[in-house]
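Have a look at the structure below before the remarks.
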Amino acid sequence: KVYGRCELAAAMKRLGLDNYRGYSLGNWVCAAKFESNFNTHATNRNTDGSTDYGILQINSRWWCNDGRTPGSRNLCNIPCSALLSSDITASVNCAKKIVSGGNGMSAWVAWRNRCKGTDVHAWIRGCRL
């Protein structure tokens, strides 16, 4: 599923991401835009053999099990396929675990490069939340 901007913002808010670990909703919507273009079915293979899955491009080396990533830790205890669902609950729950680690949202390269230090509120402007 490809979410609309405000549709995704509303879903993320409902699932408790607004100000989760101090990151406003705009940060999460911005990250999703530049990680997956709001597409829950996005997958991208990495040079180390791992794959990033779903709307927040969660990595199989650490966070989920896809059965083909050597030494996968599966710290979210989920199959990576769960991260491709049109229902973003699994992605959000895993993202909460990721952002609670030492690096915060810097765990997402796209957030670091495209969202951090910008006017992320623009990503939810005009949305009825």
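Keep in mind that glycine also has a Cβ here, set from the backbone N, Cα and C atoms.
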Q. Which candidate, Cys94, Cys115, does Swiss-Prot give as the disulfide partner of Cys30?
A. Cys115
Q | Swiss-Prot annotation, disulfide partner among Cys6, Cys64, Cys127 for Cys80 | A | Cys64
(Q) Of the cysteines Cys94, Cys127, which is paired with Cys6 in the disulfide recorded by Swiss-Prot? (A) Cys127
Q) What is the interatomic distance between the Cα atoms of Cys115 (disulfide bond) and Glu35 (active site), given in whole Å? A) 11
(Q) For Cys76, Cys80, Cys94, Cys127, listed as disulfide-bonded residues, tell me which one has the smallest number of other Cβ atoms within 10 Å. (A) Cys127
